[in-house]
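As recorded in TrEMBL:
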- 97-131: region 'Disordered' (REGION)
- 136-158: transmembrane segment (TRANSMEM)
- 160-227: domain 'PASTA' (DOMAIN)
- 228-295: domain 'PASTA' (DOMAIN)
- 298-364: domain 'PASTA' (DOMAIN)
- 348-409: region 'Disordered' (REGION)
- 384-409: compositional bias 'Low complexity' (COMPBIAS)
Amino acid sequence: LGHYSFEMLTGSVPFEGDSAVTIALKHFQEEIPSVRAFDPHIPQALENVVFKATAKNPANRYTSADAMASDLKTALSPARAHEAKYVVPKDDLDETRIMPVIPNGPKPPHDEGGDADSPASQPSPKARPKKKSRRWWIIGIGILVAMLLMIGIGAVFANQKRDVDVPDLRGMTTTQAKTALTSAGLKVGSYKYTYSTKVSKDLVIDSDPKRQVSVKEGSTVKLILSRGQPQFTLENYVGQDYTDVKSDLQKRGVTVKEKQVSANDEPSGKIVSQSIKAGKKVIADKTTITFGVSVAIKPNTFALRDLTGYTEKSLRDYANEVGLKIVISQAHSDTVDTGMVISQTPAAGTQVKPGDTVNVSVSQGPDPEETKTWSKTISIPYQAPASSSTASASNSSGSTSSSSSAAPAPNGIQVFFADKTHNISTINRSFNITADDQITITLQVSTKYPGSYRIVRDGTVIAQEDNDY
């Protein structure tokens with residue numbers, strides 16, 4: 001109990017050494033250090049309890065645990081604030097004694113038949129210290145063995161590792177995971193890599209043991225890391241049926257596109273080219289591949305050109321060259337210049353033959369808008385501001401001449417309108433009135449800009465209208 005008290009007060013053991021034997025010898029030979037040397041604020045009375053509880057001679061210790069507890073109860077009492085330092089009494093067990101040397105010569109003869117009370121028959125006084133010394137060594141060895149047992153038991157408990165929970169390492173880098181494991185008192189084990197469609201490459205997917213599993217401090221945790229999304233190797237698809245290849249790749253998550261290619265020596269629907277070379281490893285949902293797909297040319301047929309952007313003269317020249325009939329219709333366009341082809345039917349690439357009809361739409365340019373003038377006269381009633389009315393009421397007891405000379409408070413008027421050249425969010429006019437007034441607005445309107453206005457008096461909308469063109 002004395003040594004436990006010392007450790008609780010100082011946070012350290014009384015004696016340290018390279019081995020258990022060295023520590024045991026220090027316990028046996030040296031006085032216990034002063035706890036007040038570690039912390040001067042510890043009362044002397046409390047240090048005295050430690051000294052008495054750790055005295056080497058059992059006779060100088062407390063006679064029982066109750067006696068020690070009784071002394072501890074008053075150790076912090078003000079009455080013992082100036083108590084003198086306890087000094088362990090010296091006794092024979094604490095002193096080093098030199099034993100007399102017994103001569104090795106022959107023993108003096110004595111009369112075997114002599115009187116039992118004669119000096120020769122009495123034991124030599126030098127034999128007594130030998131018995132006491134032997135008893136001392138027996139006690140010392142017993143204390144040493146007891147101390148070694150206590151140290152061994154203490155070492156067993158000290159080496160017992162606490163249980164800790166494996167932290168959640170998901171989504172961390174290896175550096176972050178190492179830091180988290182070290183902080184938790186754990187070690188990083190081996191790495192295992194696996195593909196993942198959700199976790200980016202080189203980040204932690206999971207751990208073994210898994211998160212929140214309780215393990216012993218110092219245990220090793222294996223990290224399961226992501227190789228990234230699974231990859232596969234593209235084949236050489238040339239010569240295969242496009243429909244079958246498209247279905248297979250789309251099931252893997254690949255985006256597949258088709259480009260028709262006229263072919264004289266290939267049946268329709270066969271792949272004749274691919275945009276990504278065979279043998280390349282790709283990630284399915286991040287890959288787009290375009291296949292050139294054969295379209296067999298029928299006798300006397302050909303692929304229709306893309307006529308977008310052709311002029312009417314270019315159309316006639318092309319029609320005469322290949323024997324097609326061109327039917328032209330007109331349409332307005334804000335993006336295609338006047339006289340240029342906007343669209344065609346059939347679409348470019350379609351197989352046609354001489355004599356077939358192709359319908360094209362030619363641009364007439366932007367659709368012109370008819371602009372009209374819309375005029376509107378709007379009445380604006382004056383309204384005395386509330387603050388002005390209150391002021392007038394409070395001054396009603398004043399002189400008549402001063403009241404009649406006071407000018408009315410003005411209304412702030414703002415006019416907003418929208419037409420072909422104005423925006424409703426911009427103030428068009430701003431003025432003050434002190435009596436009823438009216439204004440006339442004139443707007444340039446069309447189907448695209450039908451026109452509207454809004455009148456605001458002192459921050460409040462008093463009139464607004466949208467023109468129904």
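Each residue, glycine too, has its Cβ placed from N, Cα and C.
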Across the domain 'PASTA' (160-227), DSSP yields 10 helix, 26 strand, 32 coil
The correct DSSP tally for the domain 'PASTA' (228-295) reads 14 helix, 29 strand, 25 coil
Residues in the domain 'PASTA' (298-364) per DSSP class, helix first, strand next, coil last, are 11 helix, 23 strand, 33 coil
For the domain 'PASTA' (298-364), the averaged pLDDT of the predicted model is 91
